[in-house]
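Everything below concerns the one structure shown next.
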Amino acid sequence: MSTLNYLLVFILAYLIGSFPTGVLVGKIFFHEDIRNFGSGNIGTTNSFRVMGPIAGSAVLVIDVLKGTLATDLPLIFHLKGPKYLLLIAGACAILGHTFSIFLKFKGGKAVATSAGVFLGYNLKFFGLCAVVFLPMLFITSYVSLSSLVSIVIIFICSFWFHDIFLTIITGIMMVLLFVRHRSNIKRLINHEENIVPFGLWYWYKKSHGLLNSKSKINK
């Protein structure tokens, strides 16, 4: 194992994670900065909310792939070493997304990028994440609530995979997600959190005229 090679890989993983997908999509295709709309976040949820499903889906896919690509960099470059180094590379991508060098060390909440890390490291674990997160999102229509509850369940389930490094990284992700979602937690408590435009709770509120108007980018 070459320490220098892995150091370079970790730096590259951070830079990949730092790629500001939502900001670039907003500026290139809508000529606006997504940070000035909706929640001000650069990630998937706000992208769906202010730029629509096509742009939001593009941001989602790219942000997931950022985590997957960064995690698998040691494999791509045929570097030898223990498997947990893939998780370290993935963690660097998460840090990059959260504290992007291209956005003055500000960024998103890294939910999609974290999912990409799990996809690149362990497909079965990624499947578990999807099975936990997606039904919860469909029921609640809250990405923030679904993310926070899911990461706790996923952290507990990680012990069944008998991979201490996976459990450690998942635990770190859990702490980071709760820290980055502080404002969302306050809005959830005050019943002020925004919902995504699909799911049971969204359809219920829409049918009863309970939806609030949201800030969108004019196309």
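Count begins at 1; order follows the chain as displayed.
Just so it is clear, glycine is given a Cβ too, placed from its N, Cα and C backbone atoms.
From a predicted model like this one, the values you see are computed outputs, not experimental measurements.
Sequence annotations record features per position, and here TrEMBL assigns transmembrane segment to 6-30 (among others). Same-chain neighbours of the transmembrane segment (6-30): 41-44, 46-47, 50-51, 55, 58-59, 62-63, 66-67, 69-71, 73-74, 77, 79, 81, 85, 88-90, 92-103, 107-108, 110, 113, 217, 219, counting only residues six or more beyond its ends whose CB sits under 8 Å from a CB of the stretch.
Panel annotation: around the transmembrane segment (50-69), residues 16-17, 19, 21-22, 25-26, 29-30, 34, 37-38, 43-44, 76, 90, 93-94, 96-97, 108, 112-120, 214-217, 219 of the same chain, lying at least six beyond its termini, place a Cβ under 8 Å from a Cβ of the stretch. Annotation source TrEMBL lists transmembrane segment at 50-69 (among others).
The transmembrane segment feature in TrEMBL is assigned to 84-105 (among others).
For 125-145 (among others), the entry in TrEMBL reads transmembrane segment.
The annotation transmembrane segment is assigned in TrEMBL to 151-179 (among others). Through the fold, the transmembrane segment (151-179) approaches residues 83-84, 87, 90-91, 94, 98, 109-111, 114, 117, 121-122, 124-125, 128-129, 132, 185 of its own chain, all at least 6 residues removed from its boundaries and within a Cβ separation under 8 Å.
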